[in-house]
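Notes follow once the structure below has been shown.
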Amino acid sequence: MSAASKAPADDQRAWLPRPRRDDPSGPVLVLIALAALGFGLASTAGLWADPAGRFIAGNVPDATHYSWWLGHTPHSIGQLENPFETKDLNWPTGVGAMNNTTLLLPAVLLSPLTLLVNSVLTLNVLNLLAVPACFAAGYWALRKVPGVSSGAAAVGAAAFAISPAIINSLTGHITMAFAPGLPILIALSVEAWRTDHRRTSRFDAHSPIRVGLWLGLVALLQVFIGEEVLFQAGIGAVLILLTAAVFRPRQIKAGAARLARTLLVAFAVFLPLAAYPLYLQFFGPHAHHGSPFTKDYFGADLTAFYTPTQGVLLSREADLERARLFPGGIEEHLAYLGWPLIITCLITVVLGWRMLAVRCAAVGLLVTAGLSLGGRLWIDGVWTEHRGPYSFLQELPVTEASLATRLGLLVALFAGVLLALAVQGLRSGSRHRLLHPSPRANASRTNVTARALGAVGVSVACLAPMLPATIPVVDVTETPEWFTSQAQELPEDTVVVVLPYPVPSLPTAMRWQSEADYPFRMPGGYFLGPAEDGQAYVGGAADPATARLLTEVQYTGTPRMVTPADRMQAQADITAWGADKIVLGPDPANAALKQTVTDLLGQEPVSQGGVDVWELP
């Protein structure tokens, strides 16, 4: 007798029965989920009056960063350059693409949009696709759970797709919002050790070879979309595996050989193509370690799970006032589930605890919610001295560079799984226990209708508090004519110092360089890079003294009283850059910057194409 035939004896209670054929709730549940999905799509409606000229507001620097890379990757490939490294930014040191969130794969796949219009449009297409992609992936993953019907899967997938973990991440964190890989990778990881399939051939859809091929391929693709989602998928898969090993050891023992074969195939697919870029990331010239952010700062507030943020449609001003005290911007406020979903998850866990699917989702939800609290607890907007669960992990390699609050993605996914199981349990029938079917309960048409209404009611109650509001947008800074005309005639390898000097909080020059199609190299920028000791910093190593002087002027709007020492330093920095020109574009501090640069160089600029240009000897 095979291992697969032995396993079900231990696994009979692991899955849910299917609902009766006369259950009327299935189509209704799908419609509810699609309606919620519609709200998710509508959340980006503000972009579509001018999709090539608007950013989602609230985090324009990150949007500028992503749009720069979406344009630069197809440009570098077209120039037969290495897409994993560039010196067009942060000249002369350069930037590592694998050490930043650069959307390499979407940049290639959507390059026709970038080439025909611009990279802002490409970014906004990803913003639009994020919610439906997460919904489709969540639905596919939930349908892999035996007994979960299409209606229940749709509701659970909708809870994940419209959660603030996805919607709020659209504000500048598209690599987190565009996360269909998360449920897909976790589902494939579970398939790797499940032995309750009916195999039809050695190479059928459930074979270790087929599952391993897909697992390795999706993991490979995710590396070039966003590694943080791959990291979280690994956490989710390990939590499920460990939970199953504790509560169903015979099932895991029976699937151990299958798991080993599947992972062997997956790594055989993954490593040949991922090895070189990962080597550059961890051992290349732009490798760095640690986190550039304040230790322990980014964690979910204990009240955030039931406090709606500004991204939620049904939120009160009192809730928004509380949410404004949470750490970081809205893009870091990912924890909200709402009381109805929290209560539904608790009831599902209590009444359905004997089922393996419920146990795995419950442990996953509890652990990831705890870890998302960070290394030091935030309680009602106050950063306390109490250690959080994440403090035990944050010094580990790889984990040290992650932010605890972003585990809200996994929290939302596991909550969506529990909601799907609850809805399925209601549909399947129970007289005394939510998820324990009763044959006598199935016999009554009245009970079928009551259960259907219960499933619909729970779905609406849990999804309604998460419906997203329309996300505010802002017009992209207009690009001066010089960048799309005179800049096109620059000799190869020209170095231009663009002002306002590009720094993480004001990377406008990156937008102009992108619109010009990268005809010059530029000091400064918004990126992650190493300092001299290898520690990661936003903006890399400290800028030269002249860059810091100009940055101070552009923030204060006041000209600098230039000294002879400043002039000597400026000449030294210009020589180190090998700069050919200094170009000053429109900015509120334009007059102050113009006067300061003129005093530093001892020469007046030439105005052309909406900019001021200083030619350097």
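For all residues, glycine too, the Cβ spot is worked out from N, Cα and C.
According to TrEMBL, the features are:
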COMPBIAS  8-20  compositional bias 'Basic and acidic residues'
REGION    1-20  region 'Disordered'
TRANSMEM  28-49  transmembrane segment
TRANSMEM  148-167  transmembrane segment
TRANSMEM  173-193  transmembrane segment
TRANSMEM  205-224  transmembrane segment
TRANSMEM  230-247  transmembrane segment
TRANSMEM  259-279  transmembrane segment
TRANSMEM  334-353  transmembrane segment
TRANSMEM  360-379  transmembrane segment
TRANSMEM  403-423  transmembrane segment
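Annotation: stretch 148-167 has the most Cβ pairs under 8 Å to the transmembrane segment (403-423), among 148-167, 205-224, 334-353, 360-379. At the 8 Å Cβ cutoff, the transmembrane segment (230-247) and the transmembrane segment (205-224) share at least 3 close pairs (sequence separation 6 or more) and count as touching. The stretch from 28-49, 173-193, 205-224, 334-353, 360-379 with the most CB pairs below 8 A to the transmembrane segment (259-279) is 205-224. Note on the transmembrane segment (334-353): residues 159, 163-165, 168-169, 300-301, 304-309, 312, 359, 362, 365, 369, 372, 405-406, 408-409, 411-412, 415, 418-419, 421-422, 425, 433-436, 458, 461-462, 464-466 of its chain, located 6 or more positions outside it, place their CB under 8 angstroms from a CB of the stretch. Same-chain neighbours of the transmembrane segment (360-379): 235-236, 239-240, 242-244, 295-305, 326-327, 334-335, 345, 348-349, 353, 385-391, 393-394, 404-408, 410-411, 414-415, 417-418, 421, counting only residues six or more beyond its ends whose CB sits under 8 Å from a CB of the stretch.
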